[in-house]
Every structure is written in structure tokens, then in C-alpha cells.
């Protein structure tokens, strides 16, 4: 009972803590459902219910029907019934509690009565003065008194008469009677109260009243909330016809809307969309929201946020939709404005950063240009010295070959000078400040020189062709330096990107109507294997076809950009046509003027740097040039040779040979051959030949030395490519067969000559060490061959005899110790069987030749790097004669040579 | 560029070389290299050092690639690369590079991956230091040659 009381209290407290906004007289638990703070239950259904009584358009007759037929309607009703039942339960519970209270009171009253009677008995049986007046009895009495007070509300019976007299008893009886009366009266009052409260309970809990009250409250609430809300609510049936609608600001009358669809009511943008949206929701059966902009005659352009949910009947079938719309035009406007602002902001920021970047890049470029200009300037001064000296040299007495060499040297120098000037002037070209010169020049010579220069540095098996039409004048007026530059650029590009075949220049005169009185000169350069997809960016500065290309071919990427700008500056145009695997043709058309014939004789001196007229008198009319690759042909022929009577590598099938390529005829070319030899012999350089040949012409030999070094590092690559290139053309083969026979003889000669000098072989894989050792040997007056590993060393020893071998211990493929063992075994047995077993490829036919020489023990000196693996004991154990610890010094080398070379 | 600072440049070069020797970056082998340079090969030192840098760059790149590989286990290959590097470094007299390479190599022989990584770091550091120094040296040298080459008409 106490427990129940407590829960009751708690429930009441709940209501106090969370005061509802409903009137206080209906503060039952069920009302908490409508508490704003505690939204619970089916709010939507309530709204629907209240629509019935809103002062707006509604189909009142249809609504109850709807309420009855739809699931939501029925759930609404069951909800109300539940509420009512709950309230009834509550009332019953309250009544029960009341009853219990009354019962308890009655029980108390009865208990009191009983006490009174007991007291009476007690008092009668045990008079008060029986115990002795001591403290304990007094205490006991007081305690009893207290106990009685607690039970019977301290209602003491006051008796004034003497104890145990008649009057006393009378008075006591009358007193008790009074108390009994009071008690009865109280009981009666309580019963009355009970019946009264029962009555009020009954009157309050009439279900209809309760419901009506609830509905009224809900309606009041909804009305309060919705009275100014810009909301349109409605219900549409399956065909999307309005069954009822709530609109605070109705612009249409009820009959205009009800029973019609959106499309029937409105016209304009968005209506169809909303209709479709509603249909979609109806079909999908899933409530959703969408923003739709209406542009109707009725209310102009407005954006509505529309919420549509499907409505089901009790059987779960869709019977229509509930629709709720709110105008959000302003919000949408604001939002869009915000988005636009944000977008603008982002764009501005991006532009800003882009601008910053550009500024940065521009600054960088400026700096780079500045640096380039300074650098170019620095290069220009010494270079002009070189060219000047060469020019002075050309005035001295020279033989024909020297003169030709010098000519090429000067024109190349000129070109470099010019290129540097161009780098300096590039900005000028771009801003159109570049000045063009108008001088007379001979196009044939220009073409020839360009090709000649290109051929001089050609490292591939390409044929360079110059083809000049007969009607091209001997002299034209133009800026020869620029034209040369363009041609050189195009040709060098062509060579760079062509792997085999022809590269050529064709020069012809075309009549171009747009050039009025001028004729136009076209020059085509052809090249192979231009990558087609790279064409759009060909003419961009510093742009290369791809990162791969840059790595593969190198270069600045400036060439074509300069060409194009130069051609355009001269009033011409540069175009390119290209097909993958078939080649590209760069064509440029330039207007030109013909030089008058009077000038011809005067100008001879002017062009003396380009062509020596005395030595090549017919050159001016020459229409066809061809330059064969020097290296390529040597590659294909193999054997070494000192080519004083070296055949020029020219096959002139179409026109008579009038021009002899100085480079081909020059003996200094043997430097190129020694590279070749190294390839033929499996990778070691015959240094002695390099030396002897360069004695002839120190300058040119020096010029080649750089190239030599480069070729060196690419040995293995060039070896394979040379084989490929030798298969290239069939035409060349005939002429070269004869050449190779010459060489065979010469090889024997050179071999004989060189036996007098001690031959040293260095077996070493580290390029640096090779370079250093070679240089040291040179200082000591010796030359040596190089092998890069044990296998190469064995091959070299097999090919020719050596007086001393310097052997690195740590090497790839075959290390020094093993190689030495194999060599020793060869010396003992006279055959290479051990080496062949070890996997070294040796040609047996040649072995027999050299076999005779291998009687002496070949001194092999180890070069160790002082690591544990390379102990001196091990060197000796493997048949080495001595060892030099690395790094090799001049002193050590000298001592070693003194000991082993006699 | 007027050819007036030849002596000063030479002094700078000597100072730089002295400090490099003092630091142990270079050793006497570098002097050997310089001795080899004569009229027939005026750029010998420069060429050798350049090739050395090209090669070493490749080797270091390979080493880094090898070591960066998670699945890496080819310590033998590392050893080969390092042998090359040790060999060429000692040939040009790059003592410090050589020494750190030797340490690196012993780490690789023990298959000690953290040791290898540390070794690589140190080698790279030393290598770059050497490269910078050499660059400076050659620049000075070049300036000196240019300055020495200037002649004024009497």
C-alpha cells in the first residue's frame, strides 16, 4: 500500500516537473502524449483529425469516410480508444486507492476503538496507583502514555470525578459515548465523500466527452501552431485528385481544388514535376521530400519544399498520398546566392593562386633567362676566339683535307656561336625584335654543309641525302645563318629520332601566289619514326614528346620552337606531316629573292668559309649529296685497319661523285675504328692503334677522344645496334666488301708491327679504375687493352698474346681468380677445355693459331682491394704472380712493370 | 673575367684542397690523379671525377632501390655494388666515401638491414658532400684557367 502511494506521488511529480501546455484540468497521464516536450504517438494523425474543424476548405463529408477507410484513420481511432481505456484504468486505480485509504482510516478508527476499550479494561483492572511511586513505574507510565498518544491523537479522556465512584463511571461512559459518536460521524462523512468522488469519477470519464476534449485541445494546438505557417497540406487520392486541402492563404475556392489534380488546377513550370513526384512516391510507397519551383500564373515563381507520403488503407493498399508544401523561395534564393558567392570566392582564390604561380614561374623564367644569357655570353667570348683562330688558320697554307676539316670546323663553330646568340636573342624573337640579315648565299652549299656537319657527328647507320632541284638558283638572298640554323636543327632532330633509313633535305622552288613576285623556296627534311601523337607539342619551347623521350634522347627541346619562330619571322611557314613507322616530313616555305648575277663574282670571298671553290669548282651546281654513316659501315665490316687508302663511304648512284667527304678520307678516322675493333674483339680497346692514328692529326684525334669515352660506356648497347644496322641497306654492301678485304691484309701488318712493344691487358670492371690505370700507363709510356671481366680477358688472351695481365679480383661474370685458373690451365694443357667447361665461349679455330705462342707463363698480377675475400695467399694459390693493392698508384705500377716487363 | 685573380683563385683552390685533406674527405690518391693530368689530357681529373659521379649516382640509386624493397634479401648484389663503389672511390682518393662504404659493406655481409639502411644514409651524405666540394673545386679551377688564359696586348 505504501508502495502504491509512492508511485502515485512520483507520477504526480512527473507532471509537475514537465508541465504540459494543456489546461490543468485534464492533467492525466494520457495527455503526456501531446506534450511538446515529450512528443509521442501519432502526431500526424492528430493533425488530420483536426483538419476537420479548421476554418478552411475541407471536404467534411469525405473526411470521416477517409478516416474510416484509411489505415491512418483507423489507427487514429484505436489510439483514441486506447487513450480512453487508459484513462479509465487510471480512474479505476484512483478509486481503488481512495477506497483503500478509506479502509485504512476505518481500520484505524476501529483500532482506536479497541484501544479505548482496552484502556478501559486496563484502567479498571489495574488502577493507577497500584505501582509504588518510584521512578521506574513513572517511566513506564509515561512510556505507555506516549504510546497511547501516538495511537489515539492524544485524545485523553478527561475525568474529573473521583475514581471508582458512580459519578466517575457515568462520566466515563458518557465520554466514551461521545467519542463513539464522533467516530461514527467521521465514518459517515467518509462514506459520503467516497460516494461523491465515485460520482465525479463517473461523470468525468464519459468517453465521448473525453475524446472531444482531446480533439479540441489538439485542434487548438494545431490552430495555434498553424495559423500563420506558410504551409499547404492536402490529401490526394490514387489519381492524385485533391480530397481535401488546407491552405492558410487560399487563392482558390474549395470547389476549384477538390476533386481535381494539380495539372488541372495549375498551369506552368513545376506543376508537371510535382505531379510526377507525387506519382513516384505513390508508386514507390516511400515518403520523400523534394524542392520544386513553380512558375504559374496564379502565384508567380515560387519554390516549394514538398513532402509527400503514401497513405494506405486498412488492407495495406495505397489509396492516395498526403501532401505538405512549404514555400522556401527566399531561402532557396539565399542559398543559391550563397553558393554562387562561395563559388565566386573559390574561383577567385584559384585564379589568385594560379596568378601567383604564374608570377612565380615568370620570375623563375626571368632568372633562368638571365642566367642563360650571362652564360651564353661567357661562352661566346672564348668561342669567338676559337673560330677566329680557325679562320686565321684557314689563311695559311693547308692541304685539301686539312682545309676541308677546317671549313667544317669553322662552320660548326659559327653555328655554335649563332646558337648562343639565338639563346640570347630568343626573347627578341618572341617580341619580334630580332633582326634578319639579307645576304646572298648559295643554298646548295648551305645544304651540303649542314649535311656534312651532321655526318661528321653521326653515330648511327643513317644515310644523309641532299637533293636540290635544278631550278633552284645558285644564289639567293636571305638570312643564311638563320636558314642554316633551321636546317641544322631539323636535321639534327631527324637524326636523333631516326633509327635507320634516310634523312634528307630536298630543296625546290615553288611558286606561291601569295608571295606575289617572290618565288618560294621549300626545304623538306625527312625523318623516320616520328611519334605521331607528339605533333601538337612539337613546336613548343622546352617541350619534349614525353619524359621517356627526354631521357632517351636528351636535348633542350628548344630546337623546333626556334625553327618555327625563325621561319615565321622570315615570312614563311613550317609544317609537319608524319606517319608512325613511315617517317615525318618537316616542310618550310620561305620567300626569297634571287641575287643578281653581277654580285656572283664579288661574293666568292664571302663564302670562302663555307666551301673552297678552288678545290671543289663544281660544287656550286651540285644537286645531290649523300653522306654515309662512318661508324655504321665500319661496324658492318668488322676488322681493323689503318685506312690511308680507306675507301670513301659514298655510293653515288644517281649523280657523279664530285664531292669527297673529307672526313671519310681522313686517316684520323681510325679513332672511330679502334672503337670498332674493341667491339669486334669482344670488348677491349686497342689503345695502341688509337695512339698511332692520332699522331697523324692530333687536333681531330683529340676531338674524337671525348666521343670515344662516351662510346666506351655504351659498348654493349652499340654492339647490338651495330649488328642491326649492318643489316640495314643492301646497296652499301657491295662497295664495302672490297674495303674489308683491304683491311684484312692490314690487320696482319699491324699485328706484326706491334709485337715489338710490350702488350699489357687490364682486366677490370670499374670504369674509374680503368681510366686511372690507363692514364698511369700512359704516363709510364705504355698502352694497354681492357677487358671488363674474366670472360673478356680469356677471349682477349685467346686472340692475341700479352706480356702482362693486370687482373682485378672482384669482377662480375667471371672473377679474377677463376679467370687466372683457367688461363693457367690453358698454358698447361694448350687448350681451353677448362674454360669451355666453365661456360666461356671460345672459337676453337682461332685457338689453334695462338696455341703456339702459349708456351711461356703469362705474368698475371692481381689487383686487390684488401678485403678478406681477396687475400694475397688466395691470389698466389690461384696462379697469380704478384699483387698490387688498390688503389693503384704510379709508384706501384712502375715497380710492377719493371719487375715483369723486360 | 679580367684575369686579375689568378693568384687569389689558386690560393682558394689550395685552401679548399687542404681542408678536404684535413677532413679526410680526400687522400693522397687524389694527388696521384692530379699527377696524371698533363698536356695530353688536360681535363683528366675533371673527366675521371665526372665519370665517377655518374657511376656512383647509378650505384647509389640501385642500392636505394634494392634496400627500399620490402621483400629485399639480395645482400650479395648490394655487396657487388658496394665493391664497385669502394673500388672507384679508392681510385679517386675519396677516402671518406670509401670508408663509409666499407662499413656499409660489412653490414651487408652480416645481412643487417637496419645497418645497411644507416650505411646507405651515411654513404649518400658523404657522397653528396664530396660532390659539392668537387663542384666547388672545379668551378674554382675553371675560373682559374679562364683567368690564366686572359692575355692583354702589350
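Cβ from N, Cα, C; glycine included.
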Segment assigned the feature region 'Disordered' in TrEMBL (from A:578-599, A:600-621, A:622-643): A:600-621
Annotated coiled coil segment (source TrEMBL; candidates A:141-172, A:173-204, A:205-236): A:173-204
A:662-707, A:708-753, A:754-799, A:800-845 - the one TrEMBL records as region 'Disordered': A:708-753
TrEMBL annotation of coiled coil - which of the ranges A:36-63, A:64-91, A:92-119, A:260-287 it falls on: A:92-119
Residue distribution over DSSP helix, strand and coil in the domain 'Response regulatory' (A:759-901): 70 helix, 22 strand, 51 coil
Cβ contacts of residue A:808 (4-aspartylphosphate) (under 8 Å, same chain, 6 or more positions away): A:763, A:764, A:765, A:766, A:769, A:816, A:862, A:863
